[in-house]
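Trainee: Let me give you the structure first, and then I'll get to my questions.
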């Protein structure tokens, strides 16, 4: 009990330290360097969260912190409670460590921004809402964190609001996430009606309807940018590079996967939902890996690699291995944040140049950035004994030894091979060869705010996977025996991708005509955005115009409305007037005939 109290106290203290910078203007009258103060608070919060992690590693005890009762609706009660279990205790220190590096990098990258203090506040709120989402013990609190990361992503992606592309990307992100939120709210409504509780313990004790589970999958599809709701993720690169690093490493994009991991006790018994999750993730990881190969923007390549890894996490959830998916979230956070920080360093040093075709030879001028970029790319490939190896290798082993869909297995292995191709492409174009940029670019790595966070994340990339896998008890079934070729499958696939990447990169030095159809398909992202963003509005506007002209104008106005009434009256008046010819003899004759008939009948 004493161990649990110490762990809970440290966890609450780390959250309080995150709130202090947000209240700084209300509590302090002294003028200090606010961005530096925020960075120091994040560092202290990380240090404060380490005892909870160490105690959990030593004792393995989980707890639920219930602070106060919020409100009641008849017999429906909602309390403020935090669930400190395996997932939240491990994830919070990793998120704090990565955010600490990103905030320190932002001191260098955003130093000339006039609103840098507001920028740091937004980043801290972004992190805080993600921690609320991870540690929530009920759906209402989880929904607050869920919506919080969505709102903060909108504000941070559109940070440079003077650029129309940034505003469009921010709107695109929030609109795609609204679709996912519909699924989440559908599940919440079903649980309120059928379970009469939003507490996770009560939810896990009942059987959920497939419609409610499908709502969770839709929510994860929108938030984690799975296929069909994926275009917002590469567009989010219009925001500042620190935003991209935080967004892709440990906050918003992994929130959808974390939601499925949290609700996995409900998913594991429904094979249909697991199959949907498996196939959706496999399709996402292949499509985005193919798109990454044809991109020339360094941030877009890293963004598509994130989407591909999210698809791999979704595949792992579909394999009924949630702890492996969580392990990949943790290892992925280190090298993905480092890749974005290295990209930001290169972009900043090359006067905001993002095209990898205009780079080259940076290994000699930016050695620390280049070494970290190469380390992160190798970890992304799944190179042995780096962070990505411990999770990707286990995922592919679990997939090869499970009774799963061979179609999903095949395209996931192809996507893993493509990962090596686009990772090698970044290394080849940016670090090797001759410089292809202007010679007057002020290249330097003299600022410690640039070097220190990259070095810390590089150390995490090298050692985090080993530390996580050796100190945490395995919470999933391990395949003890397997054929040698299955054990070596991940390494063979990665090696094949490396060889293909080297061959493709060597072809760029030769004058060869490319296949325009394949090139256009992948460069235009499968024409998905053109179809969904242009065809649907075109169809809506066309149908609206046709309905307005055919139904309202032609039918109502011309047949039943004023014009129709005018036509009826004009025909009636013409009929009456046509009977009046103006012939006096005819009138007298009709009068005479009428008089004769009257006399005869009377």
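A Cβ is built for glycine as well, from the same backbone N, Cα and C atoms used for every other residue.
Owing to the predicted nature of the structure, the values given are computational and were not obtained by experimental measurement.
Straight out of Swiss-Prot:
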TRANSMEM  9-29  transmembrane segment
TRANSMEM  86-106  transmembrane segment
TRANSMEM  116-136  transmembrane segment
TRANSMEM  142-162  transmembrane segment
TRANSMEM  173-193  transmembrane segment
TRANSMEM  241-261  transmembrane segment
TRANSMEM  301-320  transmembrane segment
TRANSMEM  324-344  transmembrane segment
TRANSMEM  361-381  transmembrane segment
TRANSMEM  407-427  transmembrane segment
TRANSMEM  482-502  transmembrane segment
TRANSMEM  582-602  transmembrane segment
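Describe each of these features in terms of where it is and what it packs against.
Mentor: Within its own chain, the transmembrane segment (173-193) has Cβ neighbours under 8 Å at 76, 139-140, 143, 146-147, 150-151, 153-154, 157, 203, 208-209, 211-223, 225, 229, 231-232, 235-236, 256, 259, counting only residues six or more beyond its boundaries.
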Trainee: Do the transmembrane segment (407-427) and the transmembrane segment (301-320) come together with 3 or more C-beta pairs under 8 Å, pairs six or more apart in sequence?
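Mentor: Judged by the Cβ rule, the two regions touch, with the required three close pairs present.
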Trainee: Among 116-136, 241-261, 361-381, 482-502, which stretch has the highest count of C-beta pairs below 8 Å with the transmembrane segment (301-320)?
Mentor: 241-261
Trainee: So which residues does the transmembrane segment (116-136) touch in its own chain, when a touch means Cβ under 8 Å and the partner is 6 or more beyond its ends?
Mentor: 11, 15, 18-19, 21-22, 34-35, 38-39, 41-42, 81-84, 87-88, 91-92, 95-96, 99, 102-103, 106, 110, 142, 144-146, 148-149, 152-153, 155-156, 159, 240, 242-243, 246-247, 250-252, 255, 258
